[in-house]
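*Asks:* Annotated transmembrane segment per TrEMBL: 51-72, 92-115, 122-141, 147-168, 180-199, 205-226, 290-316, 328-347, 354-376, 388-412, 424-445, 457-476, in sequence order. Annotation source TrEMBL lists domain 'Major facilitator superfamily (MFS) profile' at 53-480. Summarising the annotation, TrEMBL assigns region 'Disordered' to 498-519. Among the features that TrEMBL reports, compositional bias 'Basic and acidic residues' is placed at 506-519.
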Amino acid sequence: MAAQDEREPLITPALPANRSGYGTVEDARDAMSKFVVNNVAGESGRKLPQYIAGLAASGGALAAGTFLGWTAPTDKPLTVEGEYGFPVSDEQFSWVGSISNLGAALMCFPIGYMMKLIGRKWSMLAMVLPLVLGWLLIIFAENVAMLMVGRFFLGVGGGAFCVAAPTYTAEIAQPSIRGTLGTFFQLMVTVGILFVYAVGAGVDVQVLSIICGVIPLVFGAIFFFMPESPYYFVEKGRYSEAASSLKWLRGAQYDENAEIEDLKQADEKVKAEAIPMLVAFRQKATVRALAISLGLMFFQQLSGINAVIFYNSAIFASANGGKEMSSASIIVGGIQVVATLLASVVVDKVGRRILLLVSDLMMAVSTILLAVYFQLKQDDPAKVDDLSWLAVLAVCLFIAMFSIGYGPVPWLMVGELFANNVKAFASPVAGVFNWLLAFLVTKVFTNLKDAMGEAGVFWLFSGISLLGTVFVFLVVPETKGKSLNDIQRILAGEKLNADEPAGLPEPRDERDERPAQVA
């Protein structure tokens, strides 16, 4: 149905007696059935197929989560126990852990061109190859170089999914569930991390890697049966295939003609408004969108998430009388999953700004508590004998707050801030920036700890989180319920009228709100 119809109450339509297509009682009944399916709950079509396709696409995020979490249970077996039969120093392992971020950064731009050339679906299926190759290199590694090359390939595949999967999910989703489906990616990443933590606690590195290598193959087998994005088909002029895709996603009774016409107009508009990169970056809305996106990525990566995850085992061990807890990482991973699941439920209800503000403020509180804990421990270890529970609470609170706000929301907002005619080259810049920051933080964290001390590192992160809270409060606009047109006007400095229905342009262009070519 057209966008205007999506907002109208359910009203019984008149059924002309002698009009073509409504000449019989059966035709009238079919028309009524189609109208009801297209208007129930104020929005057209069925939602379940969209959830199924969104979850299937997020299987790539599960594969990405496994390689992101792989370093935690494999650090000591490789560096201390020599499980693979060749020495791995701490410095070498830091490269093994961080080099995947470079592979991910490398793919942010190429995957966008792949999606336009061969489609979103086949671009994601093609990424099964580097993922499987990466795991094979790790499984049969005979030296550190093979581990590093394998991790690099995993970064290539995982980084591509960070761009392609959110784009695909947003393109197939209707507005009312786009935010929820958009958080599926981060949710499945955390599920993948938890999976590796749990399995890694009971098996050796090679068996863990074999299990992780199977996941991309399972994803490929499932996602093969999902539909291609209808937007891709419209871009290529393959309208009958776009109709079939929409029928799959919205239900057999869905009348897809109006939506396809809207998509045609949107595609023509995007092509007509295409502008050179230098011109785009002279536009106030684009400059501000880029500044907000890079700011969110900066405060996400420098919030202290890597430090907290690095120290969680030591903190849990301290609370356990000095004995290492194999379940520490599993507990942290479980908190990540639950908090991200909660975020997926509330992101379209409470808004992006609220989640970011609460998340960053509470992360600052958590890192202040950890800074005080490590400062006291540094001055006199006996002072913290009875405070281990506070450090554990701070870790759990930090992980929960990160996962409910600053984990998933920056990626979601990047896709909402840029206009369609600049997304192709502006959004990947934010993705590259994020992965490069992740590489930098992962690689230099140990050096930072040696230079500043444990307490100093957490004081630094707490200060950064407080600055991030101020940044969100002063700079980041609310995008919940707003169309791209509304968001661009806000970014350009305009104020929406109080009586103006925010987020309801005429006609509504659903494609404007997808995170095109961005993770």
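Residue 1 is the first one shown; counting continues down the chain.
Note: Cβ is positioned from N, Cα and C throughout, glycine not excepted.
TrEMBL entries are annotated by machine, without manual review.
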*Asks:* Which one of these stretches, 92-115, 122-141, 180-199, 205-226, 424-445, has the most C-beta pairs shorter than 8 Å to the transmembrane segment (290-316)?
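*Replies:* Going through each listed stretch, the top one turns out to be 424-445.
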*Asks:* Can you tell me which parts of the same chain pack against the transmembrane segment (51-72), counting only residues 6+ beyond its ends and a CB-CB cutoff under 8 A?
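*Replies:* Distal contacts: 93, 96-97, 100, 124, 127, 131, 134, 151, 154-155, 157-158, 161-162, 164-165, 168-169, 172-173, 177, 181, 184-197, 200, 208-209, 212, 215-216, 218-219, 222-223, 226-227, 248-249, 309, 329, 333.
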*Asks:* Sequence gap of 6 or more, Cβ distance under 8 Å, 3 or more pairs: do the transmembrane segment (328-347) and the transmembrane segment (424-445) meet that?
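*Replies:* Since fewer than 3 Cβ pairs under 8 Å link them, the transmembrane segment (328-347) and the transmembrane segment (424-445) do not come into contact.
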*Asks:* Between the transmembrane segment (354-376) and the transmembrane segment (457-476), do 3 or more CB pairs sit under 8 angstroms, pairs being 6 or more residues apart?
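*Replies:* With 3 or more qualifying Cβ pairs, these stretches touch.
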*Asks:* At a Cβ cut-off of 8 Å, and with pairs 6 or more apart in sequence only, do we get at least 3 pairs between the transmembrane segment (424-445) and the transmembrane segment (147-168), yes or no?
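*Replies:* Taking Cβ pairs at least 6 residues apart, the transmembrane segment (147-168) and the transmembrane segment (424-445) are in contact, with 3 or more under 8 Å.
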*Asks:* Quick one: do the transmembrane segment (180-199) and the transmembrane segment (388-412) have at least 3 Cβ pairs under 8 Å, skipping pairs fewer than 6 apart in sequence?
*Replies:* yes
*Asks:* Give residue numbers and ranges for long-range contacts of the transmembrane segment (147-168): same chain, 6 or more residues beyond its ends, CB-CB under 8 A.
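*Replies:* Those are 57-58, 60-61, 63-64, 67-68, 88, 95-97, 99-108, 110-112, 114-115, 120-121, 123-124, 127-131, 133-138, 141, 182, 185, 216, 229, 411-412, 415, 428, 431, 435, 514-519, in sequence order.
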*Asks:* Between 92-115, 122-141, 354-376, who has the most Cβ pairs under 8 Å to the transmembrane segment (388-412)?
*Replies:* 354-376
*Asks:* Which sequence-distant residues neighbour the transmembrane segment (122-141)? Criterion: at least 6 residues beyond either end, Cβ under 8 Å.
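*Replies:* Distant contacts of the transmembrane segment (122-141): 57, 60, 63, 67, 84, 111, 114-115, 147, 149-154, 156-158, 160-161, 164-165, 168, 206, 209-210, 212-213, 216-217, 219-220, 223-224, 228.
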*Asks:* Averaged over the domain 'Major facilitator superfamily (MFS) profile' (53-480), what pLDDT does the predicted model reach?
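*Replies:* Summing pLDDT over the domain 'Major facilitator superfamily (MFS) profile' (53-480) and dividing by its length gives 86.
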